[in-house]
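Since the structure comes first, as structure tokens, the remarks are kept for the end.
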Amino acid sequence: MDQVVPNQPPDYYTCPFRKSKLNKFLGSENRDAYFTATQRHQVAYEILATRAYGLRRKAEIGIDRLLEDGTYAGAFPLHEGPYELPKTFQPEQLNPRQILHAYWAAWGTWYKYQPLDHIREYYGEKIGLYFAWLGLYTAWLLPASIVGILVFLYGCFTFQSNVPAREACESDQAYKMCPLCDETIGCNYWYLSDICVYIKMSYLFDHPGTVFYSVFIAFWAVTFLENWKRKNASLAHHWDVMDFQEDEERPRPEYSALSPVYQRNPVTGNLEPHFPNRKRIPRIVTGVMCIIIMMVLVVIFIIAVIIYRVLIAIPLFQNPLLRSQATTVASGSAACVNLVLIMSLGKVYEKLAYKLTQWEMHRTQTDFENQLILKVFIFQFVNFYSSILYIAFFKGKFTGYPGRYGMFFGLRNEECSSGGCLIELAQQLAVIMVGKQIINNCQEVFVPKLLTWMHRFSKGISWARRDERPMTRCEADYQLIPYEGLFEEYLEMVLQFGFITIFVAAFPLAPFFALLNNWLEIRLDASKLVCETRRPVSERAQDIGVWFILLDVIVQLSVISNAFLIAFTSEFLPRQLYMYQYDSQLRGYTNFSLAWSPSNTTAQPCRYKAFRDADGSHSVFYWKLLAVRLAFVIAFEHVVFFISRMLDILIPDVPQSLQLKIKREQYLAKQALQDAEIAMGRARQRIGSGVQQTGDDAVDDSA
């Protein structure tokens, strides 16, 4: 998977630049080539961003303010030549953009390691760290995918030996099931054997292997984050940003333009625009209320989808030909409707969150980005996961029993099928996760081209040139779309990480689909950066920032989620308890898990899935099972959290080889400092002795 990339950026020992010690730096005699193009962009942007063009007391400072006011149409670093490869060339003769296009963005390099040093050299450390994290995450998905596929195949090879499914399929008309809605609206009795296929399919996602896989993914996620810490430390040292600290940040242009008063900065002592906290706090409270309102809106749409699913399932169950597929069709169509609502609400809220964060008037760009990330992530977490959480932990838990059914908006509460809710959860996960990936990848391909066309149209740029004069680099880059940052890319990957960890007990193939998506994602993002967007101003960074904290939170939530999934949603524990108490081969489990409807509650005697007595009260087995479930949750969480904590302690965040290298460099630096002090002391002594000798000569002359 390794590849030889030409023009590897040199790796020097470095120290902070000082103009007074210019002659100490290698290559300083060639002033035109000493600084890299990326460093020149940073210096030029720093000058442009801090230069006053009007009155400082009115915050008329910097190119960003001029862009915000519309004085300039664009300000961006230029790409270093075209990205198209010449017909004949030597690899060493390619410009940096062509190298990235040939060895990174090309589809033929999908299985190759990314040229991270070249990415960092061309785009800066912040973008380099994102692609380093994405590459490591994708690589770690490979073992998770292989194990997930093996777990799924285990279900495929052993589902024929599933005794409860075989009993249900061979029961013919032995188990007459109660109607799934009121008999008064036309719902009929049905037989358990009608959904034989559905019960067999449910075993593919609900067997003992899924318990093992949940534990495996919990440890996999913790180990992945620990490995990223080590990788991040190595890259930070290699790229000389390990001790990087952002200098005092300038106020954002919008903040400067809209702040009503001026106040002296306690750090720099300069007079700066200031927005009083007494005005900001009400705005922040308003933003929080908007988030809550949007979350309530998500819940309303979920309720609408639930009602849709119930109403669709009723006519399907009434039709004998469609009865066996009723649950699958109703759940699948509801999942598709839910996906459309999720994507639509997500786009609307992202724009609303951006406007709200602007309105809250945060002083620096870092504060602005952190607040925006927090707002959008909280909403998208609720938006994407709420329907899945409903199926996983609430559906079928409040159904009631014949004669005392729970009602919701005049309809009976949804109940899980005889195959359990886990297969429906797997179906929901597959539709939302894979559907989201397909939509996002289509957007990655077509949206940049559409935006380029709109940009050219709005600026009156013709596709055909009227003269033979070749375009300048500035003209060619102006036709590209502006770079929009890494926010959307990180958000997409963090949400995907949640899908493959929080609900992996229900869908062991999730890491495999994530792996396929990320192989595409890396090349699509690379192609967009190299070919379709303007070159961004490079930014230095030490790590991936607040996104790592969110990943760590997701890992902790995944342990709790999978413990409750196995305990309360899966059939694993009921079957294990039945095997322990009654029959180790699960013979008779199907009949045991079906209760009889209480007398005089239905027109005909029928069965329903529950551990209840003839009068509808919970059986002794139910209470034993509840105790086992709670004990399992506590034991699972404590064991996984303990081992995860031990892994965190035992795996150092900085590799030992890197620690030795850092200590060696610090030792050499101290030695160099001591040698310099000794040399300076000797020089002072020579100067002092020279002065004294001159004084003695002067005395002799006077004598």
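A Cβ is built for glycine as well, from the same backbone N, Cα and C atoms used for every other residue.
Per TrEMBL, domain 'Anoctamin dimerisation' is recorded for 6-116. The average per-residue pLDDT of the prediction over the domain 'Anoctamin dimerisation' (6-116) is 85, rounded to a whole number.
Here TrEMBL flags 119-665 as domain 'Anoctamin transmembrane'.
Under the heading transmembrane segment, TrEMBL lists 130-154 (among others). Within the chain carrying the transmembrane segment (130-154), a Cβ under 8 angstroms from the stretch's Cβ atoms is held by residues 113-114, 116, 119, 204, 207, 209-210, 212-213, 216-217, 220, 224, 227-228, 231-232, 235, 486, 489-490, 493, 497, 500, 504, 508-512, 514-515, 518-519, 521-522, 525-526, 544, all 6 or more beyond its ends.
Feature annotation from TrEMBL assigns transmembrane segment to 210-228 (among others). For the transmembrane segment (210-228), the list of distant contacts is 133, 136-137, 140, 143-144, 147-148, 151, 497, 500-501, 504-506, 508, 511, 548, 551-552, 554-555, 558-559, 562, 565-566, 570, 572, 636, 640, 643-644, 647-648, 651, 653: same-chain residues at least six beyond its ends, Cβ to Cβ under 8 Å.
Per TrEMBL, the feature transmembrane segment maps to 284-308 (among others). Residues 334, 337-338, 341, 345, 349, 352-353, 356-357, 359-360, 375, 378-379, 382-383, 386-387, 390, 408-409, 411, 414 of the same chain, all 6+ positions outside the transmembrane segment (284-308), place their C-beta atoms under 8 angstroms from a C-beta of that stretch.
Here TrEMBL flags 328-349 (among others) as transmembrane segment. Sequence-distant contacts of the transmembrane segment (328-349) (same chain, six or more residues past either end, CB-CB distance under 8 Å): 198, 294, 297-298, 301-302, 305-306, 308-309, 312-313, 316, 322, 376, 379-380, 383-384, 387, 424, 427-428, 431-432, 435-436, 439.
The transmembrane segment annotation in TrEMBL covers 372-393 (among others). Counting only same-chain residues 6+ beyond the ends of the transmembrane segment (372-393), those with a CB under 8 A from a CB of the stretch are 287, 291, 294-295, 298-299, 302, 305-306, 338, 342, 345-346, 349-350, 353-354, 356-357, 421, 424-425, 428-429, 432, 436, 487, 490-491, 494-495, 498-499, 502-503, 506, 546-547, 550, 561, 564-565, 568-569.
Under the heading transmembrane segment, TrEMBL lists 493-516 (among others).
The transmembrane segment feature in TrEMBL is assigned to 544-568 (among others).
Sequence annotations record features per position, and here TrEMBL assigns transmembrane segment to 621-643 (among others).
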